[in-house]
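Report on the following structure.
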Amino acid sequence: MLTEALVAVRQGTQTPAAQTTCAPSTMSSSSRPPLETLQAQSVSADETPGSALPACAQPCETARSATPTGGETPNRSRYLSHRGNSIRQQQGILQEGFLLYSLDKFHETDKPDGIINLGTSENKLCHDLLHERLTRPDMLLLDPPLLQYPDWSGHQFLREEVAKFLTDYCCSPKPLKAENVVVMNGCASLFSCIASVICDPKDAILISTPFYGAITEHLGLYSDVKLYHIHLDCEASGEDGRLFHLTVDKLEEGLRRAEHEGFIVRGLVLMNPHNPLADIYTPKEMVGFLEFAKRNELHTIVDEVYMLSVFDESVTFDSVLSLESVPDPQRTHVMWGLGKDFAMAGIRVGTLYSESRDLVEAVAKLGAFHGIPGTTQRQVAQLLQDREWIDTQYLPRNRSRLKAARSYVTGELRGLDVPYLDRSAAMFVWADLRKFLAEPSFEEEMRLWRHFLKHKVVLSCGQAFSCSTPGWFRIVFSDQDRRLKLGMKRIKEALEEYKDQITVTDCYSIKDGGPRVRASGKDSDNAAIVGSTLPQGKSSDMLEEKDHTVQAGLGADELVLRDCQPSKPAEGLDSLIGTLRHQIRSSDWLEKNTPELSAGEDPEILDVFKALLERARK
């Protein structure tokens, strides 16, 4: 199989005009997640576990998986175990950008030309409010018991305050019990611990894409649990015309595929409000998801870390804990923390509520590795019981500031004619920058992401969230006014410069519901979207000209897709090289595929192999 790929590369190098063709797959190269998800121990709903480099007879498969990584993989260490090397080599696709940011952070006076971070979901709008509250005398108490070992599930006084707080702010129909609460140093630790006790190594948990990419590491690094991706389309679906719409039918299909491919599926992850979409699921939707999990005896991990960051009074968030009856309470586990809603990402506090005594006891056993200092627990308890400050000072001002910041960013995006999901929760906007890509590929998305870095602003691109379609970016707006405005100015400059570098020479649009017409150059700005960029099986007649209502039930709160996209590029040498690069950087690929082995299969391709090896390592 390796030989076939290398022969194809050699032939492609000799005759670049000759391209292998194949019938269209159900998902194009622009609608597939990057292979980093496999490196990060995630599994796509359309990929077979353990699959190797695709053969030449499957060029569509090859191209749709090829995408560059965010940084170089360290060499294997003889001082570490196989697992240790795997952990050491684990890298997020955006690691290079955030490493550069850490070395070149913006500062108003010391480094005004430094990098501005609009990629990390942190609330930086309420430091003044928190400083005033956290420096009051009641926060400075030091009782002797705080200096001793606590209950590993958290001090009793904190678990009691958490239970009361969640009862009130989640509108629980009955008082929640402190004995069902576990407190750890962040929800990342809770994710890892829950996965450890409900799954065995190599088991899988369902999750819809796009999703907060760090969950891959949360579940995989310690527990070796896989994420099985259920890809959601960026096109309108369902009666309400929602984009990236999760349904029970899609969950059923994802579970069926996972089991057909041999995975043991143990659970489901739900985020509400969602990251990065900022969607809020209705109680009816949540009950449907939970009933699906119950039918299939799956645990449901519900992440509600943005539940208090809903800043539109007309929008209602309903916690799972507000339900009169949870379909399967023994397998439903709700997480919340202070990092997002209370703008305390550095004060690592995550809470778990579950009625499963078995799970609570098992997770608490792992608390010895994930505990919170006693003094911090006391401060958090004091904060949570100060309802007057929370209700009259913090929450109203935080929501007002979030709303104003979001309004500014979305106004700037509209000025750039950039579509986005119109939501009123969390602290980021999911923006559609597909029209700025020279071609609909994850390689091009990464080039645009690096172009933002060049302009000293770091964002998070869609492939970091395993988005199935390239060109989507998450823009965090919960930052101080000066940094936010300067960051958006840099984004605007980067996009204008990048767009000037792209010449759209041939694309199609649909005007007035009529037949396809040619569009090129500046004229394409009046077009809706290219039919060729729509996912396979989607009809291009769903979309009309910009500034007009979109057909097929697209709601008024949804984005309108605009402008012309270039057609999908032909499969070629770069796609194969991209795939080889991913395989080479995996943990044991080099051990299994050496130049000598390839020479044994076909001595003539040894030089080709070595040349590709050098290119892939660059």
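Placement of Cβ uses the backbone N, Cα and C atoms for every residue, glycine included.
The feature compositional bias 'Low complexity' is assigned by Swiss-Prot to 11-26.
The region 'Disordered' annotation in Swiss-Prot covers 11-54.
Sequence annotations record features per position, and here Swiss-Prot assigns compositional bias 'Polar residues' to 27-45.
Within 10 Å of the Cβ of Glu122 (substrate binding site) there are 17 other Cβ atoms, across all protein chains. The feature substrate binding site is assigned by Swiss-Prot to Glu122, with similarity to another entry given as support.
The Cβ of Lys340 (N6-(pyridoxal phosphate)lysine) lies under 8 Å from the Cβ of Ser121, Asn123, Val305, Tyr306, Ser309, Ala426, Met427, each on the same chain and at least six residues away in sequence. The N6-(pyridoxal phosphate)lysine annotation in Swiss-Prot covers Lys340.
For the recorded site, Glu122 (substrate binding site), the DSSP three-state label reads coil.
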